[in-house]
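Enquirer: One structure coming up, written as structure tokens, with questions to follow.
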């Protein structure tokens, strides 16, 4: 009874509790989500967020056909990407998201929008590119068009084409083609099959305009493709001769048809090679030659070399080669070439005589002659040719055939000779005088000879007659009776005075040869006298010029000349008579040089009078005229001897006279009238070096700056008293320590003064740091070796300037090492510099920073990491920014600067480099590389230790810090119903590396269960292996989709398995085309002959899509039937049945067996139910009787016991709410009344909400409370037993042990 009341209170409370629970709900924005398609698998996609007013724990989930893209963490709602997204395949889809508390589940449909990313490179369509174009294709024409497709959208899907390379790679072909934005390739220059190239290969590339990919602006480019362009030759070129020049020779007596030479021409268009026809379009000798179709030039008529002498014995042929077909312009394609044929000589002519002069001879018959005339003077000298003889011998043959000999014959042949005696071709013939005595006009006036010309080979000859006429000559001269005539005449006689008129010459010749003409031959005095040409009288021509003192005797030659210009002469000796007409003449000039102090003057004045010697006209007297210095000298009046009276001093003479003393001497004769002459005697007193130079100062001090080459240091000045430049010229010289650093150059000022300019050479400068003071000695001396010298001290002080650049200390530039990622701070190095200048102000400057990674310049990445202070301290600026993976070597290029350096000098040192090596620390965790793959497992085909999936990872650290080791953390199998089953030891992973990428190969350890349907989720960990410090790791989850045996499809063929195996590739291709899946063929076997009716063999295969789903047999059948081409091909290959006939028969038998078994089970259940119903009805009736008896007995209970209402089945507690009078036992109790005497559940009702029963009997409750723990509850006693037991307890005061009953019959539950 207590259980009944407890149930009555608990059941309404439970209903109220359930009714009061509020369902959770998603947030308002949980309707759609936008995800980029390049989101990595395993990355967080979004969160499912819901709220529950009851604050119950929430569980999140996702379902629907596309739910496989995501993995939901049920407790947190985190959604990670489980399968890669692809905008181009599925840009939007829906999933059903759910959230539930312990009582209610709420679902909502969510729209997933995939955002496009630039993950696809352009792909060229129909990549087998080749074309042919004519070489005459106009520039700008479209050669070919290509198309590249980019599946991406927007700018990432817009394609730009480019030509990367043109083969052959020449200067002409580089820009021969260009590609337009639409993919059209346009000809950009002219083509030539023959002159350029007959084939081009273009390397093409297509790139998109770029877009975001993995959060980086990325430009995707296609793989290069190649376009082959063949240039088709066109007939646009003329033929070409294979040689640039043709020549040959042929004898002039060659017979007709003789082959001379062969010409050859080919079509200029090598790709066409049109046949060529030859012809002679022009010939300098038409008809002599012709040409055949084979290009052979032959003799076509008689040849005569002598007709070609003006043409250099050659015949010029213009040979034309014409192509058989017209060119592209409708014109004949032809080319011409000149062929030279030289005609060789044959000896077929004899020499002939011609009256002409070379080279004007034409050798025509009109010029041919055999009689010639000439003239010559009598007694002409030997080898004198005959005048007016124009004889030419000509033999038109060549070489030895044209060689001939000349000789003389006839009556006068001994007096003459012929020239030349031998000649080739042609020659001018001369007849020369051989014996002069035989050529005499007085003996004969004309002579005759024969000239014979004989061919040297054939001995054929010709003869010509030459008549020679002699000319008379003047062979007598005029003669004088005497060879010498002596004559006299006074000097200065009047013009026209006769000297003589008695001298005459005679000539025995008569006529013109005997007429005499007189003349004075040019010579001494011929201009003073003259002769009458007819009479021979000699007279004075110019008496003023007759001067005995100039010339006392004249010798003249008088010549007599006849009419033939023959002459003779005689000598005239004419003496002049003297008169006193000449003053004395002093001989020469008197310039006397004498050294001062030591030299003496002793000179005789030489004078003469041209008048006749030994007379007063020629006697002389000497007199010294007064002058400034004449008192120092004496002169003898008769002899003219001049002497000095004492020593002479140069310095006593006026310097303006430069040492010269001029004396005047008068020389006179004793004639009438007296004549005199003055002469100057110049006495030069030569200066001697008897004075030393003197400096104007006793010492000199100069100051000069260092590093100033060529500068003037100072000027010294000296004077020499000597008057001549030779003696007072001063030269300066330097000596002393460091004198080689200076140079001194003297300058003459005049009057013995000179300056010495002390300066530095142009290429020498002083260095204060080396030597600050120079003590020099300057010498002033005369060039005279006998002269002395004077010295003076010169002190040169070097003024220091800041002229030296600083230098960097090499030791301070030794490389240092700095760890990345903030491992070090502050100062890391000090750059030290020095300067020898005393006023130096140094600072260290940073010139450049070089950032390199593995020797490659990475730009300005590291510029802010370090700084250099003016004192040379090197500091770390951005310790956190130092990244070994970006830059492993920083080179600080520094220099030292002297701020006090004087202008014009180098203020900077040479650049130095401080190498800072960045040391790697393990600061980068491994990261997985995206894999756009779907891994599918067909357990039936997978073998142990074979790769089924792979991962790739990279670590940006280096060395051991970048070595990655893969491991499998967890393997879960998610079945199709959503259940997750953990697996351990199913897969293993093996690590390998290539370059800096590590790969993990996932392999099954054992064979996989082919009956499992679902997905393996493999969690892979990648962790590095640092030398020091903790390791870093990354994880990713792979989905391995399984294809179980339920997707195994069987195709039956009418051919044996051997033929099916042979056609395996064709069958696979047809199935792939029909299904668009990957076909995995499992087995090919023959069908048992006893079981098969028609098919002979079967093929088992799986058909798997890239996303891991597979085709069932029904889906396969539909897809094959929808593709008629593939179906036709499969039928041709022997396909007869989709699915196994045996399996269908076995399935039918199995269905029949299942139906029979089902009917048997149903019949058995009906019998059991009927039996049970019968037993229970009877039991119920007996129980009611027992209950009635128990009620009666209960009324007889002892005093003090409260009587209770009768418990009648179907009444009282069996009539309470939700009581079941027939099924009043717990659902776990199937016992019947007679199995348990203590079962009294008829006295309580069963709560339909739980399995707990409520005891109404107090004693029964006490019994339960005293039961030992962990003892299974005893079956509830029947009401009657309870009553009887209670009664017995009340009577005896104790309970008896329960008797054994069959619990299976203690209930009416069915």
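A Cβ is built for glycine as well, from the same backbone N, Cα and C atoms used for every other residue.
Quick paste from Swiss-Prot:
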- 1299-1310: compositional bias 'Polar residues' (COMPBIAS)
- 27-124: domain 'Cadherin 1' (DOMAIN)
- 125-241: domain 'Cadherin 2' (DOMAIN)
- 182: N-linked glycosylation site (CARBOHYD)
- 188: N-linked glycosylation site (CARBOHYD)
- 195: N-linked glycosylation site (CARBOHYD)
- 300: N-linked glycosylation site (CARBOHYD)
- 401: N-linked glycosylation site (CARBOHYD)
- 600: N-linked glycosylation site (CARBOHYD)
- 680: N-linked glycosylation site (CARBOHYD)
- 696: N-linked glycosylation site (CARBOHYD)
- 701: N-linked glycosylation site (CARBOHYD)
- 821: N-linked glycosylation site (CARBOHYD)
- 871: N-linked glycosylation site (CARBOHYD)
- 911: N-linked glycosylation site (CARBOHYD)
- 1155-1175: transmembrane segment (TRANSMEM)
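Are these features on the surface or tucked inside, and what are their neighbours?
Expert: Residue 182 (N-linked glycosylation site) falls within neither a helix nor a strand when secondary structure is assigned with DSSP, and so counts as coil.
Other C-beta atoms found within 10 angstroms of the C-beta of residue 188 (N-linked glycosylation site) number 15, with every protein chain shown included.
DSSP classifies residue 195 (N-linked glycosylation site) as coil under the three-state reduction. Neighbour count (other Cβ atoms within 10 Å of the Cβ, all protein chains): 11 for residue 195 (N-linked glycosylation site).
The number of other CB atoms found within 10 A of the CB of residue 300 (N-linked glycosylation site), across every protein chain shown, is 18.
Residue 401 (N-linked glycosylation site) falls within a helix when secondary structure is assigned with DSSP.
The DSSP secondary structure for residue 600 (N-linked glycosylation site) is coil. Around residue 600 (N-linked glycosylation site), the same-chain residues at least 6 positions away in sequence with a Cβ under 8 Å from its Cβ are 594, 643, 644.
Cβ neighbours within 10 Å of residue 680 (N-linked glycosylation site), excluding its own Cβ and spanning all shown chains: 14. According to DSSP, residue 680 (N-linked glycosylation site) sits within a strand segment.
With a 10 A radius on its CB, residue 696 (N-linked glycosylation site) counts 12 other CB atoms from all the protein chains.
Other C-beta atoms found within 10 angstroms of the C-beta of residue 701 (N-linked glycosylation site) number 11, with every protein chain shown included.
Long-range Cβ proximity for residue 821 (N-linked glycosylation site), meaning a same-chain Cβ under 8 A and a gap of 6 or more residues, is found for 879, 880, 882, 883, 921, 923. Secondary structure at residue 821 (N-linked glycosylation site), taken from DSSP and collapsed to helix, strand or coil, is coil.
The number of other Cβ atoms within 10 Å of the Cβ belonging to residue 871 (N-linked glycosylation site), over all protein chains shown, comes to 12.
Of all Cβ atoms in the protein chains displayed, 13 besides its own lie within 10 Å of the Cβ of residue 911 (N-linked glycosylation site).
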Enquirer: Would you count the other C-beta atoms found within 10 angstroms of the C-beta of residue 401 (N-linked glycosylation site) for me?
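Expert: For residue 401 (N-linked glycosylation site), the count of other Cβ atoms within 10 Å is 20.
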Enquirer: Which of the three DSSP-derived classes (helix, strand, coil) applies to residue 701 (N-linked glycosylation site)?
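Expert: Where residue 701 (N-linked glycosylation site) sits, the three-state DSSP reduction gives strand.
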Enquirer: Under 8 Å Cβ to Cβ from residue 182 (N-linked glycosylation site), same chain, six or more residues apart: give me those in sequence order, or none if nothing qualifies.
Expert: 145
Enquirer: Quick check for the class: what is the C-alpha distance, in angstrom and rounded, between residue 188 (N-linked glycosylation site) and residue 195 (N-linked glycosylation site)?
Expert: 17
Enquirer: Under DSSP, is residue 300 (N-linked glycosylation site) helix, strand or coil?
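Expert: For residue 300 (N-linked glycosylation site) - judged by DSSP and reduced to three states - the answer is coil.
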Enquirer: Taking Cα atoms as reference points, which of the glycosylation sites 195, 401, 680, 701 is nearest to residue 871 (N-linked glycosylation site)?
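Expert: If we rank 195, 401, 680, 701 by Cα distance to residue 871 (N-linked glycosylation site), first place goes to 701.
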Enquirer: Please report the three-state DSSP label of residue 911 (N-linked glycosylation site).
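Expert: Where residue 911 (N-linked glycosylation site) sits, the three-state DSSP reduction gives coil.
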Enquirer: Look up residue 871 (N-linked glycosylation site) in the DSSP assignment and report helix, strand or coil.
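Expert: DSSP call for residue 871 (N-linked glycosylation site): coil, neither helix nor strand.
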Enquirer: Using Cα-Cα distances with a 10 Å cut-off, which of the glycosylation sites 195, 300, 401, 680, 696 are near residue 911 (N-linked glycosylation site)?
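Expert: So the list reads none.
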Enquirer: For residue 300 (N-linked glycosylation site), identify the closest of the glycosylation sites 195, 696, 701, judging by Cα separation.
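Expert: The answer is 195.
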Enquirer: List the Cα distance (Å, whole number) between residue 195 (N-linked glycosylation site) and residue 701 (N-linked glycosylation site).
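Expert: Pair distance, Cα basis, whole Å: 85 Å.
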